[in-house]
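Undergrad: To start, I am sharing the structure in question, which I have written as structure tokens.
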Amino acid sequence: MEISEQKLTVLDIQNVSISYGGDLAVRNVSMPIFEKTITAIIGPSGCGKSTLLRSFNRMNDFIENVEQSGKITLNRQDLYGAGVDPVEVRLRVGMVFQKPNPFPKSIFRNVAWGPTINGLSGDIEERVITALQQAALWDEVKDRLQDSALNLSGGQQQRLCIARALAMKPEVILMDEPCSALDPVSTSRIEDLLFELKREYTIVIVTHNMQQAARVSEYTAFLENGILVEFGDTDQVFTRPENHRTEEYVTGRFG
Amino acid sequence: METNLQGRPRLGEKLLEGSFFCCACISIVTTVVVICILAFETYGFFVEIPITDFLFGTEWTPLLQPKSYGILPLLCGTLMIVVGSSLVALPVGIAAAVYLSEYASDRVRNIVKPVLEILAGIPTVVYGFFALTFITPMLQAIFESTHVFNAASAAIVVGIMVLPMVASMCDDALQSVPDSLREGAYSLGATSFEVTTRIVLPAALSGIFASFVLAISRAIGETMAVTLAAGATPNFTLNPLESIQTMTAYIVQVSLGDTPAGTLTYKTLFAVAALLFTLTLALNLTASAVMRRFKETYE
Ligand SMILES: Nc1ncnc2c1ncn2[C@@H]1O[C@H](COP(=O)(O)OP(=O)(O)O)[C@@H](O)[C@H]1O
Ligand SMILES: [Mg+2]
């Protein structure tokens, strides 16, 4: 693995295994997530990408009979340690989901919702505007902030969900196939957006789209049957994979 | 090979279509006939009694001398039952639904939900009896001035009666809110209380509102339990510890007697029924108007 060591490890995943009612979905995965980079998690469907990603902000807590072992730290703090409040974890690790899920509220209130309920400091309006600008949505919605978010197109809704996450100013943003429900134009808009965002944020993106992973990420993790087959620089994983399974997958011979 | 695109006659389909049409007609025709009879007899009543006396009179004594035809005591009685039962059923119903939908484990849910549906099917006489033998003595123990027949006991029991329905309908409304909204809210650092009160409940508002309307309609229409628990005294009062009579209870009382058709007393039935009809219609119309405004659509 050619990994530059001077980068700061924000999330550290150590020997993580996750099972649903005894069936292992993630098997003994260890990998770092570096500060202000984009890490892509790729792999065939059902290989455990979402399960792994959701363990980074304790979203698996809501699923009955999930069992997890191993350790995940955020800036050296154990996310699953005794006394850790999952609500606090999610304040610092935001998430964007596969299907856009805006609240049935106005555009403004969608973005303002997180900071408001958490009583975050500062001017809410400013936060909303900044977040919408960062999500490259501001120009399209600035004249209709009070409209229902449900009137936006799918691509706009997904960028709204990104803005909603950004308004919390999280340390890490997790994205679970954020473009899979979108058309190619909306997809490329979001990819452009990712380039902008990584200057300030640490991003982990799950995708089944290899080109997307190759285009946007600096690090790539290839998962198969819950096993982390390969992790490394995106260039290296796509051009000189160490494992032949990775090679078969990225060259499109299966999956 | 020659292909034949000519359709075969579908006789069965035509027959079925015709019979469905007939059924639809029957239901519409019967409704229209009922409304016509109601309107005709009510008109006959108002020919003899001025409508203002009916609407604003505070004495309702069509069966006693001197006769008086002011609806306010009956209206007031019905109102007390509606308000009282809503105070019991709506808050408790929502709370129960929130517990079931948002907090209970699947195991608890799978037991409680069918039980609610069974409870909703208990005959109302049973509730009336329960009010007389259980709720009224309890009220008497707390408030000495409680009459044997009283509005409070009836209102409470009607509240208990519609509670399972409210809880079950509200639960359905909450369940129909997609989990993706909950996940979105949790991912922004919301607590489950915030998710429930600020995302799930508002998104389920139209369904919750529908259950309220149904609960109120049932409270307005409820007769047996109310007659048993509240008695049959048209009483223009807001004191829930006294005996009262509701509009439906009056209709039953007169229907059970041997009032000859065509008399004024007989016509009071239709006047009261017409008012009842108007009230429920107005309730349903406002409800659907409000619901259309409140409806938050989501995927
Ligand atoms: N809520 C769940 N309950 C039980 N099994 C699940 C659940 N979610 C996912 N799984 C199983 O875990 C495995 C990994 O799923 P997932 O993480 O969603 O894969 P991916 O996101 O890579 O498609 C699959 O075999 C899936 O069937
Ligand atoms: Mg997935």
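A Cβ is built for glycine as well, from the same backbone N, Cα and C atoms used for every other residue.
Taken from TrEMBL, the feature transmembrane segment covers B:20-40, B:71-99, B:111-135, B:147-167, B:199-220, B:269-291. The domain 'ABC transmembrane type-1' annotation in TrEMBL covers B:75-287.
How buried are these features, and what lies next to them?
TA: Long-range neighbours of the transmembrane segment (B:20-40) within the same chain, counting only residues 6 or more positions beyond its ends whose Cβ lies under 8 Å from a Cβ of the stretch, are 270, 273-274, 277.
For the transmembrane segment (B:71-99), the list of distant contacts is 54-60, 151-152, 154-156, 158-163, 165-171, 173-174, 196, 201, 208, 211-212, 215-216, 219-220, 222, 226, 230, 234-238, 240, 244-250, 271-272, 275: same-chain residues at least six beyond its ends, Cβ to Cβ under 8 Å.
For the transmembrane segment (B:111-135), the list of distant contacts is 100, 104, 153-154, 156-158, 160-161, 163-165, 167-168, 171, 222-229: same-chain residues at least six beyond its ends, Cβ to Cβ under 8 Å.
Residues of the same chain lying 6 or more positions beyond the ends of the transmembrane segment (B:147-167) and with a Cβ under 8 Å from any Cβ of it are 77, 80-81, 83-90, 92-94, 96-97, 100, 116-117, 119-120, 122, 124, 127-128, 130-132, 135-136, 139, 211-212, 214-215, 218-219, 222, 225-226, 228-233, 239-244.
Long-range Cβ contacts of the transmembrane segment (B:199-220) within its own chain (Cβ-Cβ under 8 Å, at least 6 residues beyond either end) map to 78, 81-82, 85-86, 89-90, 93-94, 98, 101-102, 158-159, 161-162, 165-166, 169-170, 172-174, 176-177, 181-182, 184-185, 190, 247-248, 276, 279-280, 283-284, 287, 290-291, 294-296, 298.
Within its own chain, the transmembrane segment (B:269-291) has Cβ neighbours under 8 Å at 35, 37-39, 41-42, 44-46, 49, 54, 69, 71, 74-75, 206, 209-210, 213, 216-217, 220-221, 247-248, 250-251, 254-255, 259, counting only residues six or more beyond its boundaries.
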